[in-house]
Amino acid sequence: MRADAVARTDGSPVRAAMMIALALLLAAAGLSGVALSRLVAPADWPGLLADPAAADMSILLARQSLLPRIVVGLLAGAGLALAGVVFQNVLRNPLAEPATLGVSAGAQLALVVATLWFPSIADTLRAEGIAFLGALAAILLVAAIGWSRVLSPTRMIVAGVFVSLYAGAAAGVLVLFNQHYLTGVFLWGSGSLVQNGWDAAWTLSGRLALAAVCVVILGRPLALLVIGDEGAHALGVKVPAVRLAALALATALSASIVSAVGMIAFIGLAAPAIARAAGTRTLSAQFAAAPPIGAGLLCLTDQLVQLAPFAREIPTGAATALIGAPLLLWLLPRMRAASVPATQSVEGQARLARPVPMLVAGCAVAVLVISCALMLGRTPHGWSWFAGPELAEMLPWRWPRVLATFMAGGMLAAAGVLIQRTTSNPLGSPEILGISSGAALGLIVLLFLMPAPSPLWQLAATTAGAALAFAFILAVGARSGFAPDKLLLVGIAFGTMLSALAAVLMASGDPRMATLLGWMAGSTYAMTESRALVTALVGCLLLALLPLAARPLEILPLGVGVSHALGMRVNRTRTGLLLLTAGLTATATLTVGPLTFVGLLAPHMARLAGFQRPVAHLAASILAGASIMVAADWLGRSLIFPYQIPAGLFASFLAGPLFLFLLRRQS
Amino acid sequence: MRIGRRAFLASLAALAYGMPVARAGLPAARRIVALDAPSTEMLVTLGMEPLGVAGLEGYRQAEGDIAALRNSLDIGFFYEPNLELLQFLKPDLFVNSFGIGAPAALLKRIAPVLSVPVYGGPGSSHEAAAGALRRIADRMGRQAEAEAFLATHEERLSTLGEMVHARRLRPVYLASPLLDGRHVILYGRNSLFDDVLRRIGMRNAFGGQSSPWGIASLGIDKLTEKREAAFIYIESPVTRTALKALDASAIWKMLPFVKEGRIVSIPYLEMYGALPTADRFAGILESLLDRGALDAG
């Protein structure tokens with residue numbers, strides 16, 4: 001009777017999940033059939049496999065390009081889903097997958113480095129080994145940060161996403177430096193399933209079979225981990241060994257897939273999520289249901305990409321991101337509340353009794369950084385401190401950048417404080433939550449509509465993008481009680497869409513894209529006096545509104561009831577804060593691009609220094625953020641003189657290790 | 001002090017203009033900065049020694065040691081030439097062909113900008129390249145050198161045209177293989193190389209859509225349209241790896257030009273070059289035709 005009930009509750013969800021998988025696979029098969037019939041008439045299909053020596057080019061294409069592509073799509077999709085299920089269960093984290101853990105990016109970065117410096121390693125096995133080393137380094141780093149004594153799922157994902165972005169930034173710089181031959185075009189960015197033979201299919205099927213065997217062996221002990229480490233240990237499971245083995249398995253599988261087809265995001269996340277949404281609970285059910293769903297998803301996406309009437313090839317990895325991200329955004333509000341604990345306190349331990357002397361010290365640092373940025377620079381003869389008429393000549397090139405980065409850093413920091421306090425999420429920031437990405441998406445959409453929009457239009461488009469992204473985040477947050485994982489998912493979705501679009505632009509090989517890509521990397525190169533002044537003016541207006549936010553920032557975290565009781569119009573206040581945050585983010589993103597992390601870092605630095613009350617926290621964060629951005633811009637244009645590293649990219653490099661350190665210390 | 005020096009240099013330049021004898025002795029009398037590779041090669045062809053060159057490091061890597069550039073300074077990436085360095089160098093003139101990177105409005109504060117676009121215009125890139133060379137020569141007072149170069153080039157093209165006319169040649173794919181062993185960059189309509197092929201009456205096997213600057217990146221399975229075509233690839237530091245990856249590919253092995261051994265490698269050429277690149281390409285074609293490498297049947 002009881003066994004029967006169990007079977008029914010678990011049986012029908014598995015069937016539901018299988019139906020989804022079947023539907024996806026059928027759709028993929030249908031589209032594949034359409035593609036195949038364009039090459040070879042359906043009547044001749046039996047001959048495809050029968051006659052090995054066919055010289056007909058279309059049969060050859062079907063056999064060596066189209067069919068292996070379908071198979072590789074299925075295998076890679078299934079493999080990513082499998083890796084996703086393993087990662088998610090071992091790390092007890094519904095968001096874990098090769099892309100969000102930084103594993104794919106680590107593998108890809110290792111491949112880029114190897115290709116650029118050791119171009120002789122072309123054969124598959126060694127490339128796979130190198131990809132594995134990169135993936136391993138990434139997962140170790142992420143685990144080290146997310147796994148100190150207690151396992152913190154959110155922290156781990158943030159570390160993973162950060163490692164991904166960091167690896168992407170590093171690869172971006174490497175590609176920049178080697179752009180003379182345009183070798184980078186297909187080096188970084190999105191996975192492509194284009195095949196010209198069965199090699200990748202054979203390799204992948206071998207790896208997948210091996211992984212499946214391992215999963216069968218590890219399945220039972222892994223399933224027992226669900227009841228908790230102590231319980232599993234009591235049942236005779238060697239917990240650390242099982243975890244380690246499972247992680248190694250998923251990492252190796254991800255590395256193989258990256259070395260075969262490049263980076264493909266979302267499949268490892270979406271397939272298990274869909275399986276769970278269909279109701280599968282047990283691990284074995286997920287192992288059964290997720291891989292077919294992943295296979296169907298990836299293959300279907302790939303077929304859609306091929307059928308789409310685009311003049312040039314869209315990388316499949318970019319397409320999964322472009323299709324998957326909105327899907328994720330649509331699914332998010334409908335997902336069950338996650339098991340991850342909701343909010344963490346934004347307040348730190350130590351509180352400064354008298355913040356003013358520290359603020360003065362902060363001002364001194366800011367002044368020092370600004371004077372260096374204005375007066376110290378490089379010439380062909382080395383470093384030189386400019387003064388007098390020479391300085392007067394140089395200043396018009398320097399002050400707009402200094403002013404603009406100062407304001408942008410300050411605005412991002414202020415936005416970070418607002419976000420962290422309104423969502424009670426210590427990891428909230430314009431960059432992590434995708435508000436910067438929203439702003440950048442707004443600009444890209446505008447550029448598709450208008451060839452050369454005026455600065456005012458640009459500001460309007462970025463503000464609209466940022467406001468939409470933040471409104472979406474708040475809507476999702478309100479439904480889920482501001483569960484950090486959901487908010488982070490939104491950010492990941494926006495960020496992935498943006499990098500997918502960037503990959504499509506990069507793959508075009510058009511040198512005019514360099515300017516747009518430069519902006520996306522955070523270059524302040526084209527900053528003019530008038531643009532800097534507009535940024536400063538808008539920035540000062542917005543920052544002047546911040547004191548109005550002080551009271552709501554103290555009261556809102558106490559809850560809606562208390563806020564009402566204290567006479568606050570909660571909705572109106574929230575909308576006001578939202579618009580302020582969007583405006584700050586948009587103005588800053590226009591100046592320094594969507595990737596800086598200063599909005600995350602500065603509020604934390606201020607908080608760790610002991611600034612707790614909203615106004616002091618805001619002031620200190622703005623000082624810190626502004627100083628970091630100015631320093632990043634200055635160092636970025638001096639260190640590898642006469643070449644330059646974009647300020648946003650360089651700020652991420654500066655902020656990265658510090659941020660990971662903070663993240664680890666937060667336990 | 002500085003004004004004095006600049007005035008001195010300016011008077012030297014003025015002298016150089018009027019006196020062909022003095023010019024030979026003072027090739028660097030004018031302080032010119034080339035903002036991209038096409039401008040660089042045009043200046044070098046006209047016998048100038050640019051003061052600064054964008055992306056000089058990569059250019060030297062690709063093109064080898066060029067005497068005229070030995071004293072030039074690298075001024076940074078072509079899309080972000082270092083403005084502070086340019087301010088420090090105080091050149092007399094910027095020459096740009098890409099039109100990407102530093103906005104002319106900013107550069108004009110330092111020195112006038114001579115803008116000579118080759119790519120992306122309405123007409124043929126080859127004609128634009130010839131016009132660009134003439135315009136630089138006009139500005140430098142080097143019309144004689146430019147006309148001499150153009151005359152040799154035209155002569156070479158018409159000789160080539162006659163050679164092509166006299167034989168039956170295969171259409172050619174002109175490509176730069178990419179590292180992944182699955183894609184190639186193809187030069188198509190709007191590219192300088194395609195214009196040269198047209199001019200001499202050869203057929204480009206790739207007739208598909210290309211970017212406004214004349215390239216397209218495609219999977220190698222798209223290289224089947226012209227069965228009789230030959231495949232010419234431009235060597236670069238990455239081609240060896242790229243070809244090794246291609247050799248492992250079943251589709252590649254089955255492509256008609258691979259099976260029948262019609263793959264031809266040619267020395268490095270700038271992807272977006274100017275007339276000197278076009279001339280070098282023509283010279284390469286000439287030797288290929290002499291060798292009979294592209295003859296049909």
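Yeah, the Cβs are placed from backbone N, Cα and C, and that goes for glycine too.
Note that this is a predicted model, so its numbers are computed, not measured.
Features as listed in TrEMBL:
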TRANSMEM  A:66-87  transmembrane segment
TRANSMEM  A:99-118  transmembrane segment
TRANSMEM  A:130-150  transmembrane segment
TRANSMEM  A:157-177  transmembrane segment
TRANSMEM  A:314-332  transmembrane segment
TRANSMEM  A:352-377  transmembrane segment
TRANSMEM  A:397-419  transmembrane segment
TRANSMEM  A:431-450  transmembrane segment
TRANSMEM  A:487-508  transmembrane segment
TRANSMEM  A:528-548  transmembrane segment
TRANSMEM  A:577-602  transmembrane segment
TRANSMEM  A:641-663  transmembrane segment
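Counted over residue pairs separated by six or more positions, the transmembrane segment (A:431-450) shares fewer than 3 Cβ pairs under 8 angstroms with the transmembrane segment (A:130-150), which leaves the two as not touching. Within its own chain, the transmembrane segment (A:397-419) has Cβ neighbours under 8 Å at 370, 373-374, 377, 425, 428-431, 433, 435-436, 470, 524, 527-529, 531-533, 535-536, 539-540, 542-543, 546, 549, 553, 577, 580-581, 584-585, 587-588, 591-592, 596, 598-600, 602-603, 606, 614, 617-618, 621-630, 632-634, 637, 647, 651, counting only residues six or more beyond its boundaries. Listed by sequence, the residues of this chain that lie at least six past the ends of the transmembrane segment (A:577-602) yet keep a Cβ under 8 A from its Cβ atoms are 162, 165, 169, 404-405, 407-409, 411-416, 418-419, 422, 427-432, 435-437, 439-440, 442-443, 458-459, 462-463, 465-467, 469-471, 474, 498, 519-524, 527, 531, 535, 538-539, 542-543, 545-546, 549, 552, 621-622, 624-625, 628-629, 632, 646-649, 651-652, 655-656, 658-659, 662. Within the chain carrying the transmembrane segment (A:528-548), a Cβ under 8 angstroms from the stretch's Cβ atoms is held by residues 396, 399-401, 403-404, 407-408, 410-411, 414, 455, 459, 576, 580, 583-584, 587-588, 590-591, 615, 618, 622, all 6 or more beyond its ends. Against the transmembrane segment (A:99-118), stretch A:130-150 has more CB pairs under 8 A than any other of A:130-150, A:314-332, A:352-377, A:641-663. Under 8 Å from some Cβ of the transmembrane segment (A:130-150) lie the Cβ atoms of residues 91, 98, 101-111, 114, 121, 156-157, 159-160, 163, 167, 247, 251-252, 254-256, 258-259, 660, 663-664, 667, all in the same chain and six or more residues away from its ends.
Sequence-distant neighbours of the transmembrane segment (A:314-332) (same chain, 6+ residues past either end, Cβ-Cβ under 8 Å): 73, 189-193, 261-267, 269-270, 273, 277, 297-298, 301-302, 304-305, 308, 472, 476, 486, 489-490, 492-494, 496-497, 499-501, 503-504, 507.
Remote same-chain partners of the transmembrane segment (A:641-663), defined as residues 6 or more beyond its termini with a Cβ less than 8 Å from a stretch Cβ, comprise 141, 145, 155, 158-159, 162, 165-166, 169, 172-173, 177, 378, 401, 405, 409, 518, 521-525, 592-598, 600-601, 604-605, 608, 628-629, 631-633, 635.
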